[in-house]
Amino acid sequence: MTKQIHLAAHFPGVNNTTVWSDPEAGSHIEFSSFVHLAQTAERAKFDFFFLAEGLRLREQGGQIYDLDVVGRPDTFTVLAALAAVTERLGLTGTINSTFNEPYEVARQFASLDHLSAGRAGWNVVTSWDAFTGENFRRGGYLPAEDRYVRAKRFLETAAELFDSWRDGDVLADKETGRFLARDDAGAFERHDSQFDIKGRFNVPRSPQGRPVILQAGDSDEGREFAAATADAIFTRHGTKEAGQEFYRDVKGRLARYGRQHSDLVVLPAATFVLGDTDAEAQELADVVRHQQVSGQTAIKFLEQLWNRDLSEYDPDGPLPEVDPLVGENTIARGRASVRMYRDPLATAKQWRELAEAKNLSIRELIIEVTGRQNFVGAPNTVAESINDLVQADACDGFILVPHVTPGGLDPFADKVVPLLQERGVFRTEYSGETLRDHLGLKAPKSF
Ligand SMILES: Cc1cc2nc3c(=O)[nH]c(=O)nc-3n(C[C@H](O)[C@H](O)[C@H](O)COP(=O)(O)O)c2cc1C
């Protein structure tokens, strides 16, 4: 059976995907930028708009890392405001379970689901570092091995809160002057290793009952957590082989939790560069890559793996002869990529071999190993590749990250989406009202 593709639009936060120097590049803070991307996504009938989360300004070598986009407004405030200027588009935010409390987060998502008439989505992340934790009351809390324990309990508790109101609980009965039909509406009680709370939840049941749950962890525990609880996964595995392996792995875990293949939607992040012809797009992609990885950025990336000050090195010269410093990463703080290098010595060895084989400078190597453009080509080529990956079960669709904010999605909406629609693999109109409808998901399961 031909699968239908799911598409989402990622508003880039702190990252180096964004090309600032492009004359079209705009603000990452002003509301008009959020509105532009969201309305483009809705015009193109995308499933949802997506915000990642970073809770502390990144630092490198003790200074603010200002080669990335710096700063980020609050997720709930942005999504609630977008609910007023969109009608069908899902509104998904990344909110971590490590530093928040379930009562507060459940209130915020239930409220967003009400305000948006059933379009809220929650990407539950555990967050990665004690550096971010210093912003919060607990400071540095939790050790990595406890984060998924808390995440699981957090989600169960939030679900209990969402479910503490049932459909049909009457809000106000003018004749009797009573506001609740059920005496125990909102009642909850939770005592476990993470939470010791009870009371009454004060947001009545929202249109979706609960927000759609996304998950982004990639470890074994992360995948298991997703298989047990998530409606969708946000992943980095966007190529065919890696995607198929990941897809098989996570879908294969569902049966353990009494779930079916279609209960979990797999969505890798993906970037794209379009041109009138494939050759033009390739040329443009090369320009974009060089804009994304300046000489300075290349040295900073290398420092993140080497865990050393490499500011004296020439980005157009060869890799350092010294090896990475193994142990706690003291150079880069608050960056995801630091966690991705689980074995820095092995990665450095691979990079050296690659640089030698292809005669690459530091900058050229970083451009190669941090390759970001998943789809490069004329609109037809890009539409074909996207459809091929989805039909080959490498994924169920993509969360697209444009390299220009806020207008970078426009050419995709105008040129690629119609080709997917012509092929009958992407909707021409929304058929449902809620985000759950767009993703083809059944009613929320209990966990
Ligand atoms: C594709 C992807 C996107 C993520 N996005 C965020 C994010 O926006 N904010 C955040 O705090 N953590 C984010 N995370 C981190 C995860 O929540 C998790 O803390 C991290 O991946 C470590 O868990 P793991 O060992 O299971 O991968 C992301 C992870 C992945 C794989």
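Glycine is no exception: its Cβ is also placed from the backbone N, Cα and C atoms.
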For the FMN site that TrEMBL gives with Thr94, Tyr148, which of Ser27, Ser32, Ser33, Ser219 also belongs there? Ser219
What number of additional C-beta atoms lies within 10 angstroms of the C-beta atom of Ser219 (FMN binding site)? 14
Grab the pLDDT values for the domain 'Luciferase-like' (20-392) and give me their mean, rounded. 92
Rounded to a whole number, what is the top Cα to Cα distance in Å among the residues the record ties to FMN, namely Thr94, Tyr148, Ser219? 18
